[in-house]
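*Asks:* Input: one structure, supplied below.
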Amino acid sequence: MSVPLVEDELVESTGWKKILLSLCCYTPRKIHTAILHISGREEMQKMDLGPEARLLASQDEKVEDFKRKAWEESKRVWAIAFPSMLCRVTTYGAYVVSQASFGYLSDVDLAAYALVQTILVRFSNGILLGMASVTETLCGEAFGAKQYDMMGVHLQRSWIVNTAVATAMVPFYVFATPLLRFLGQEEEIAVAAGSISLCFIPILYLNVYGMTMQMFLQAQHKNMVVGWLFAILFFAHAFLSWIFVYKLKWGLPGVMSVLIIAFGVKVIGEAVYIFGGWCQDSWKGFSRSAFTGLMPVLKSSISSGVMLWQHSGVVQCCSSAFSWIYEICNSCHFCLLHLITLQPKHHYMGTHDMPWVSRCCVVTFYAFQFYFIGLVLTPLITPSLLYSVRVSNELGRGNGKAAKFSVEVILYTSLTIGVFFWILCLAFGHQISYLFTSSKEVAKAVSSLSGLLAFSILLNNVGPVLSGVAISCGSQGAVAVVNGCSYYVIGIPIGVLLAYVAHMEVQGIWIGMMCGMVTQTVALLYLTWKINWVEEVKKASKRLQYFP
């Protein structure tokens, strides 16, 4: 008699009480019927609402669904971003620690190190990073398409090509002294820079393998361990620098030895993680397939710019060649600013009365401006390769809509961060200069540029995202053309006119650069808006099939 009573009460009950009572009947059929009855009542309640109420309810559901998807995408992005931030910030931190150590030695050594690091090292690293961006694109798409075995082949190809490119750049390090003399630097500074540049040659080759392996791991979302490894090594580097320079008094050899050891241990750590079995799906060992198709790749590198642009999405080397141009454009105007600042015969920013150490603090501020944007905010040293990971993964899966949504989420996130730091720099512009120096003269000179820094940060939180989208789509060629026109046709000419004709000096150069940034951002926004994501999925599929 108890069961019928429960069933009678079940008919008259509503909501979760109906489900609980149906459980007492111990019949799955009745449980299913009760759940369907509840769902039906909820749908009927929606139908009983008026048209406006139903529309509002539907909009609320869409908003909640968008928030949920945006939150999930943000978690995916920051799962890649946080380790990347650790890697980039600690890598830059190694250069900063070494520069501080050179400042302890002498003003001449500090000036020489600043020249080598901001001109030669940044220039060569930019080229290598642009080359490696193709590796990340291909590995990201292969990971999304679950072609894990091809990821190791792409990594080995990048080693071969990038090693050849690094070897071609060695003469610039060997003949740094004559090069700096030609650029008008003082003899003492040029000679000291030549000695330091020779010590950077091992680091040049270590960066070839370090950058590519980092992007290989980043493409498959396995860079967390590497991020923490880099963070630990940064503190070890700072401690060893203190021992070698301040305690043992080893001077220049001690500073550079610690820097080489730090980069070497990082590369060894990445290699152990990849070869040690933690990447079993994506690393199958060394393969002869890495050598196939290299000649067409090298031939395509020296082809005309138009042909490379037309084939940039198909041939790996085409994309690599345009990546060189892309990074060169971002590095040359940066180096130009440093050359003007360190010219002893020109009086820029009031540095003519400062000692060389103070001038180099000003240069450190310029360097930090670009690294701060790339490493902390976006979080990349260039060109937003982080964002290409998510887009490449989705294109490899054949999901163009998800790739587009990822771009939107990342763009809004980056813009929000940019606005925050833009306000921060405007509000605390004078105090920011004391992050780099205790000298009132240098602080005064640097604080006058805080407004330009603020707007540069804002612009650089949009441009890298859009560049990353182009990189993920294999369109480095289009970005190279945009950057070349933005900086060399618009940015630098305006900067030179403002600096030399309007006598605005360094401020004029920087304003010219910002004009280039604005042009670049507008052009990339247009290119991103015109992207056909269905076609990009097809192009990604062709890239995956290009190297069997």
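Each position is counted from 1, following the chain as shown.
Just so you know, glycine gets a Cβ as well, placed from its N, Cα and C.
Remember, TrEMBL labels are computer predictions, not curated facts.
According to TrEMBL:
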TRANSMEM  159-183  transmembrane segment
TRANSMEM  189-212  transmembrane segment
TRANSMEM  224-245  transmembrane segment
TRANSMEM  257-278  transmembrane segment
TRANSMEM  321-342  transmembrane segment
TRANSMEM  363-389  transmembrane segment
TRANSMEM  409-428  transmembrane segment
TRANSMEM  449-471  transmembrane segment
TRANSMEM  477-502  transmembrane segment
TRANSMEM  509-529  transmembrane segment
*Asks:* If we call contact 3 or more Cβ pairs under 8 Å (sequence gap 6 or more), are the transmembrane segment (409-428) and the transmembrane segment (224-245) touching?
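*Replies:* Result for the transmembrane segment (409-428) with the transmembrane segment (224-245) is no.
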*Asks:* Using a cut-off of under 8 Å between C-beta atoms, tell me which stretch among 189-212, 224-245, 449-471 contacts the transmembrane segment (509-529) the most.
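*Replies:* That would be 449-471.
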*Asks:* Any residues 6+ beyond the ends of the transmembrane segment (224-245) with a Cβ under 8 Å from its own?
*Replies:* 79, 82-87, 90-91, 93-94, 97-98, 101, 104-105, 214, 217, 251, 254-255, 257-259, 261-262, 265-266, 269-270, 273, 278
